[in-house]
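Notes follow the structure.
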Amino acid sequence: SASGGAMAEGEGLLSVDYEVSGKVQGVFFRKYTQGEAKRLGLVGWVQNTSHGTVRGQMQGPADRVRELQEWLRKVGSPQSRISRADFSNEKKIAALEHKDFQILK
């Protein structure tokens, strides 16, 4: 479409769910994830689970989604210890389903 800006270019938009295991609670993991997602221009959410993992959803340009996936696999917050990052429900979307990237309680 002529009105679609930079977001519409390239590979289009992706939505991916994620869950990160390891020492990821109580180490500001959600805050850092939110910061990284916003830096990359992604939308979605992140929250702690009752079983000690952090999970959420990310949406945005495919190349940026890949960057955050890599960050969740290898970097995380400074004091976190990531043992595993699982990604699921990857799909192409026509439009973003979130307004920003939120930390959910």
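In case you wondered, yes, glycine gets a Cβ from its N, Cα and C as well.
TrEMBL entries are annotated by machine, without manual review.
As recorded in TrEMBL:
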DOMAIN    15-105  domain 'Acylphosphatase-like'
ACT_SITE  ARG30  active site
ACT_SITE  ASN48  active site
Residue counts (helix, strand, coil, in that order) that DSSP gives for the domain 'Acylphosphatase-like' (15-105): 25 helix, 39 strand, 27 coil
Fewest other C-beta atoms within 10 angstroms, as judged across ARG30, ASN48, which are the active-site residues: ASN48
Stretch-averaged pLDDT - the domain 'Acylphosphatase-like' (15-105): 97
